[in-house]
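Asker: Handing you a structure now.
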Amino acid sequence: MAAASSTSASPGMLLLLAVVLLLASAGAASGSTLSSTFYDASCPNAYNIVRRVIQVARVSDPRIPASLIRLHFHDCFVQGCDASLLLDDDLPAIQSEKNVPGNENSARGFPVVDVIKAALEIACPGTVSCADILALAAEISVELAGGPRWTVLLGRRDGTPTNIEGANNLPSPFDPLDMLQEKFRNFNLNDTDLVALQGAHTFGRVQCQFTRENCTVGQPQGTLENLDQVTPNVFDNKYYGNLLYGRAQLQSDQVMLSDPAAAVTTAPIVHRFAGNQQYFFRNFAASMIKMGNISPLTGRAGEIRKNCRRINSKGY
Ligand code: HEM
Ligand SMILES: *[C@@H]1O[C@H](CO)[C@@H](O)[C@H](O)[C@H]1NC(C)=O
Ligand SMILES: *[C@@H]1O[C@H](CO)[C@@H](O)[C@H](O)[C@H]1NC(C)=O
C-alpha cells in the first residue's frame with residue numbers, strides 16, 4: 001500500500017488510515033460485519049454460481065435442497081456459522097462433526113458443497129468462505145423449492161477447530177419441548193424462531209427410526225419417508241397443517257402443539273403459520289437471517305478455506 005512504502009505519509013492520509021482502522025475494529029467488536037454486498041466487488045457472480053450448481057444437482061436428486069439447508073443449521077448450531085461441520089476427520093488434530101449421531105448417516109449434500117466450492121475457486125480464488133456457501137445454498141434451496149427469498153448476509157470466515165461436544169448437543173428428535181426451547185434460546189432464538197425454523201421440515205426425508213411410528217415391523221431403520229407427506233418436495237406451510245392433524249413425523253415437531261406447555265407458547269404460532277403462508281414465509285426468512293448471524297468469524301479471524309473439507313495449512 002502507498003502509505004506503507006512512502007517515507008512521508010500526509011496527515012490527511014494518516015487520519016484516513018486511523019478512521020478505517022477504527023471502523024474495522026468497531027465492526028469486529030460488535031460482531032455485525034456481515035453484509036449483503038460483501039462479494040459484490042470480489043466475486044459478483046457468487047450467488048449465481050451457487051444457484052446453478054444446486055439447480056443441476058436437484059435434477060438427479062430432488063432431496064438436495066432440503067439436505068443443504070440442514071447443513072447450514074447443523075453448522076450454525078455448533079460454535080456458530082463457521083463451516084466446522086464440513087471438516088473431514090484428520091486425526092488427531094481434527095475430529096469431524098460428521099460422525100456424531102445427529103450427522104452420521106444423516107447429514108448429506110457434502111459432494112454438492114464441494115462442486116460449489118470448486119466452481120467458486122475457479123471464478124474467484126480464495127474469496128468465498130465455506131460458511132457463506134452454506135448460507136447462500138440455504139436461501140437458494142428454499143427459493144428453488146417454492147419458498148420465500150431473503151437477502152443473505154455474507155462475510156463469514158471459516159473456522160479451524162471442530163466442536164464435538166457442541167455437535168453432540170444438536171437438537172434431537174426425542175428432545176421434549178422445553179429442551180428444544182432451551183437449545184434455541186442459547187443462540188438467542190425464541191419460540192417464534194423455533195416454530196418457524198422447524199417449518200423447514202416441509203421438505204426432505206427422515207429415516208423411519210426417528211419417526212414417531214419408529215418404522216413398521218420388518219422395515220430397516222434407515223428406510224426413508226417424507227417429512228411432509230402432503231407436498232414432499234415443496235417449501236410451503238403444509239407442515240403446520242400436518243401438525244394440526246397430529247401427523248408430524250418427528251416427536252420434536254408434534255410437541256410444539258401437544259406439549260402441555262405449548263398452549264401458551266408455541267401452539268398459537270403453529271396456528272398462525274398454518275393459516276397464513278405469507279406470514280410463515282416472512283417469519284421463516286427473518287429467523288433464517290437470525291440463525292445465520294450466530295457467532296460468525298469476521299475480519300481476520302479464521303480463514304477462507306480452499307477446500308471445505310480441510311483447513312488450509314493441511315493443503316488440499
Ligand atoms: C428443532 C430442532 C430440530 C430437530 C430435532 C430436527 C431433527 C431432524 C431429524 C431427526 C431429521 C431426519 C434425519 C434423518 O432421518 O437422517 C431432520 C431432517 C431435516 N431437517 Fe431437521 N430438526 C430440527 C430443526 C431443523 C431446522 C432448524 C432446519 C432448517 C432450518 C431443519 C431442516 C431439516 C431438513 C430440511 C431435513 C431433511 C434433510 C434431508 O432430507 O436430507 N431442521 N431433522
Ligand atoms: C422473537 O423475536 C423476534 C425478533 O427477532 C420478535 O419479532 C418476535 O416477536 C419474538 N417472538 C417471541 C415469541 O418472543
Ligand atoms: C425403535 O425400534 C427399534 C427396534 O425395535 C428399537 O431398538 C429402538 O430402541 C426404537 N427406538 C425408539 C426411539 O423407540
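Each Cβ is built from the backbone N, Cα and C atoms, and glycine gets one as well.
Heads up, TrEMBL stuff is auto-annotated, nobody curated it.
In case it's useful when we look at the structure, here is the feature table from TrEMBL:
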type     : residues                                 : note
SIGNAL   : 1-31                                     : signal peptide
DOMAIN   : 33-312                                   : domain 'Plant heme peroxidase family profile'
DISULFID : Cys43-Cys124                             : disulfide bond
SITE     : Arg70                                    : site 'Transition state stabilizer'
ACT_SITE : His74                                    : active site, proton acceptor
BINDING  : Asp75, Val78, Gly80, Asp82, Ser84, Glu97 : Ca(2+) 1 binding site
DISULFID : Cys76-Cys81                              : disulfide bond
DISULFID : Cys130-Cys308                            : disulfide bond
BINDING  : His201                                   : heme b binding site
DISULFID : Cys208-Cys215                            : disulfide bond
Asker: Starting from Cys308 (disulfide bond), work out which of the recorded positions listed here (His74, Asp75, Gly80, Ser84, Glu97, His201) have their Cα within 10 Å, and give them in sequence order.
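Answerer: Within 10 Å Cα-Cα: Ser84.
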Asker: Given the binding-site residues Asp75, Gly80, Asp82, Ser84, His201, which lie within 10 A of Cys43 (disulfide bond) by CA-CA distance?
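Answerer: Near Cys43 (disulfide bond) by Cα: none of them.
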Asker: Quick check: of the recorded positions listed here (His74, Asp75, Glu97, His201), which one has the Cα closest to that of Cys81 (disulfide bond)?
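Answerer: That would be Asp75, nearest by Cα distance.
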Asker: Relative to the mean position of the Cβ atoms of Asp75, Val78, Gly80, Asp82, Ser84, Glu97, the recorded Ca(2+) 1 site, which additional same-chain residues have Cβ within 8 Å?
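Answerer: What remains near the Cβ centre is His74, Cys76, Phe77, Gln79, Cys81, Ala83, Leu85, Gly159, Thr162, Asn163, Gly166, Ala167.
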Asker: Any idea what the Cα distance is from Gly80 (Ca(2+) 1 binding site) over to Cys208 (disulfide bond), rounded to a whole Å?
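Answerer: For Gly80 (Ca(2+) 1 binding site) versus Cys208 (disulfide bond), the Cα atoms are 29 Å apart.
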Asker: Looking at the recorded positions Cys43, Arg70, Val78, Cys215, Cys308, which have a C-beta within less than 6 Å of some atom in ligand 1?
Answerer: Arg70
Asker: Out of Val78, Ser84, Glu97, the binding-site residues in the record, which is closest to the residue listed as 'heme b binding site' when you go by Cα distance?
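Answerer: So, spelling it out, the nearest of the binding-site residues is Val78.
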Asker: Based on Cα distances to Asp82 (Ca(2+) 1 binding site), point out the closest of the recorded positions Arg70, Cys124, Cys130, Cys215.
Answerer: Cys130
Asker: Please name which of the recorded positions listed here, Arg70, Cys76, Cys124, is nearest in space to Cys215 (disulfide bond), Cα against Cα.
Answerer: Arg70
Asker: Sort the recorded positions Arg70, Asp75, Val78, Cys124 by C-alpha distance from Cys208 (disulfide bond) and give me just the closest.
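Answerer: Smallest Cα separation from Cys208 (disulfide bond) among Arg70, Asp75, Val78, Cys124: Arg70.
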